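Per TrEMBL, these features apply:
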type	residues	note
DOMAIN	128-231	domain 'CAAX prenyl protease 2/Lysostaphin resistance protein A-like'
TRANSMEM	12-31	transmembrane segment
TRANSMEM	37-63	transmembrane segment
TRANSMEM	75-101	transmembrane segment
TRANSMEM	121-141	transmembrane segment
TRANSMEM	162-178	transmembrane segment
TRANSMEM	190-214	transmembrane segment
TRANSMEM	221-243	transmembrane segment
Amino acid sequence: MREELLRPLWQRVFISGFGFVVVTFIVLGLIRYLGLAFYGINFVTIGFLIMWIMPFVFLSAGGRKKIGIKKPESWLWVLISFVIGAVVAGAIYFLGFVLYGTGPENWGMTVAYEYMAGQDAVFEPVVFAVVTFLSMLFSPIGEEFYFRGIIHEVLGEKLSSYKMAGFWSSFLFAAIHLPHHNIFFTAQSFLTGFVPLFIWFAFMFIVSYLFIWARVKSGSILGAILCHSGYILGMNLFVYNVLL
């Protein structure tokens, strides 16, 4: 007998894992958009915290194991995933700098603007290190539980294909990250709007596959989390040393 991903109560509420994904993605997408457009990054953090607790509130014990919450099969690949995540982030933000310099089309400038809008203390190495450490926790844990864990597993069963699940979970991951580029709200022309936004979308789509790969190679969602944390570290180091 196939064990359900959701606890019995939530199985009755959402009917299926797919129903759960549809409802939660709409809610989380709305939180992400409202936070980035109006209320600030602290509001976005609410979405990350919701993703953090999802496996422990909504999923059965078997469901948590299904999404990869278990001991890694390879700690070496967990470490390798972290390093590769940092390197890939450096490459993505370096390319943004090469293509667009410090203009608004550069996706890295969105991160830089967030820091510049904050207090001057963020430019102090110790403060920046604390901010980076917290960033390496909130986004990676929540998003990996949700995207590489819950969504990937639900779509894999729904579509009877984990290859298609990888495509659609990556598409959704890239879509929810579109508002992370300021150009999403300010674009006034095709070249200064759609093109950099499309490049950003494509990078997020590819990065999602990188995180899927990290989960597969390590045999645990921890591999994806550490790969994502490495990505955040690489991103913040580049922004701090080059764009600020």
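Note: Cβ is positioned from N, Cα and C throughout, glycine not excepted.
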Contact ranking winner - 12-31, 121-141, 162-178, 190-214 against the transmembrane segment (37-63), Cβ under 8 Å: 12-31
Annotated stretches the transmembrane segment (75-101) and the transmembrane segment (162-178) touching (3 or more Cβ pairs under 8 Å): no
Among the ranges 12-31, 121-141, 162-178, the one whose Cβ pairs under 8 Å to the transmembrane segment (221-243) are most numerous: 121-141
